[in-house]
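Structure first, then comments.
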C-alpha cells in the first residue's frame, strides 16, 4: 500500500494526559488538511507521543523506533517525529541516538507541528521551548470513541518531587480558563459522552485567575454542567487535597466515588527525602476524612520501592500503611534514576536492584491479597455499571466499570456500550468482578 504524504499516524505512550495531547495534535493537524491514517502502513508521517516518567517507558519507545526504522528503510520519504516528554527530557541528543527521527516537539509546541512536518523533508528540526501560557485553549480534541473523554484542566507541575521528571518535561503549572473547561464539558455531554475525566499532573492545584475558582469550585460546576455524565479526575496530590473538595465529592451524585491519591511511601522519613511536602500522619488524616464523608469510597495510590536511602524499616512502614488503608488498587514500581531530578543530583541510588525487586514483589503480593479480599466481599451486591465495550474474552459478554472504578464483566443480553446497567455480582478474581444483569437503568 503506498504511503500518503499528508496522512499521519500517532502511537501514544504513557499517561492519560498524553492520550489527551494526541487528540490535540490530531485536531491541529486536521485543521491544516492532514488526515489520520488507519494504520502505520499507509501513513506518510508517524509520530510517537512519548512518556519519560519511568525508564521502561524509554525502553519501549526505543524498541518501537527499531520497528519504525524498518518502515523508513523501505520508504525513505517517511517522516518520523517524537512528541511529548522524551524530546523535552532528552532533547537533541535523540537525533544522534535515533537517526530515524526527523523532528522533535515538546508538549508546549504542538501548534507549530505543521511547520515542523513541512521542514522535515529538507532538514531535522526541533521545537522544545516551554510556554508559560500554553493550555491549548480553543483546541477541541479529536476523539476516537464517544463514551469517555479526557479534559485537561491544568498543565505542568510546580511540585519538585525528588524522583520526578514532570516539572522538567511539562514546565510550570498553568490552569485552563474556567469557562473554557465548562464549554468543553458541555459540548462533550451534548455529544453523548457518558464519562468525563478531568486531568492534570496535580488537579488540586487548579486556579483560574479570571474567576478565582479553585478545583473544588470547578469540579462542582462541571458536575452541574453535565449532571447525567459520570465525572472523574486525576491526579491529586495529598498535600493539596482540601476539605471543600471532599465535600464536593460527597454532595454531587455524578462525581465518582473513587480517588487516586499517590502516597509513594508509608515512611515519613522517605516522604521528606522525596520532597513530597507532607508526612504520613497527614496522609492518614485525609484518608480518614474521605471515608467519613464518602463511606465506601474506592481508593488507589502509587508506591515506589527502593527509593534512595530506603531502609527495611521504611519498607515495613509502607506495608503497614497498605494493611491499614486497604487500597482497592495500587500502581507499584521500583525506583529508577531519572537524570536531572533532585534525587539524581543529590542522592546516591544506594538500594541494590535485587533488594528493590524483592521489596516490590512484597508490595505486589500484599496488594494482590488485599484486592482479592475486597472484591471477594462483593458477591451478592448490586452495582451500577457503565458499559464500555465487549469483553476481551467473548462478544457475548460486556465489560464496564462501577463508579468506584472496579471492572465488571457480565453477559451481554440486550445491553450495549454506553448503557448504565444494574448488575448482581456473582463472583470475583483479584482484579475483576463477574455478574448478571439486574436491569437496564437507562
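Note that Cβ sites are derived from N, Cα and C of the backbone, with glycine treated the same way.
The domain 'MTTase N-terminal' annotation in Swiss-Prot covers 6-122, and the record cites sequence analysis as its basis. Residues or ranges marked as [4Fe-4S] cluster 1 binding site by Swiss-Prot on the basis of sequence analysis: 15, 51, 85. According to Swiss-Prot, the domain 'Radical SAM core' annotation covers 143-373. Per Swiss-Prot, the feature [4Fe-4S] cluster 2 binding site maps to 157, 161, 164; the stated evidence is sequence analysis. Sequence annotations record features per position, and here Swiss-Prot assigns domain 'TRAM' to 376-439.
In the domain 'MTTase N-terminal' (6-122), helix, strand and coil residues by DSSP number 61 helix, 26 strand, 30 coil. The record gives 15, 51, 85 for [4Fe-4S] cluster 1. Within 8 Å of the mean position of their Cβ atoms, the other Cβ atoms in that chain belong to 13, 14, 17, 18, 50, 52, 53, 57, 84, 169.
The Cβ of residue 51 ([4Fe-4S] cluster 1 binding site) lies under 8 Å from the Cβ of 13, 14, 15, 18, 57, 61, 84, 85, 86, each on the same chain and at least six residues away in sequence. Neighbour counts of Cβ atoms within 10 Å were compared across the binding-site residues 85, 161; the minimum falls on 161. Secondary structure of the domain 'TRAM' (376-439) per DSSP, as helix, strand and coil residue counts: 1 helix, 36 strand, 27 coil. Under DSSP, residue 164 ([4Fe-4S] cluster 2 binding site) is assigned to coil, being neither helix nor strand in the three-state scheme. Annotated [4Fe-4S] cluster 2 site 157, 161, 164; additional same-chain residues within 8 Å of its Cβ mean position, judged by their own Cβ, are 159, 160, 163, 165, 166, 167, 201.
Neighbour list (residue 164 ([4Fe-4S] cluster 2 binding site), Cβ cut-off 8 Å, at least 6 residues apart, same chain): 53, 157, 338, 341. A mean pLDDT of 93 is what the model gives for the domain 'TRAM' (376-439). Here the binding-site residues are 15, 157; the one with the fewest Cβ atoms within 10 Å of its Cβ is 15.
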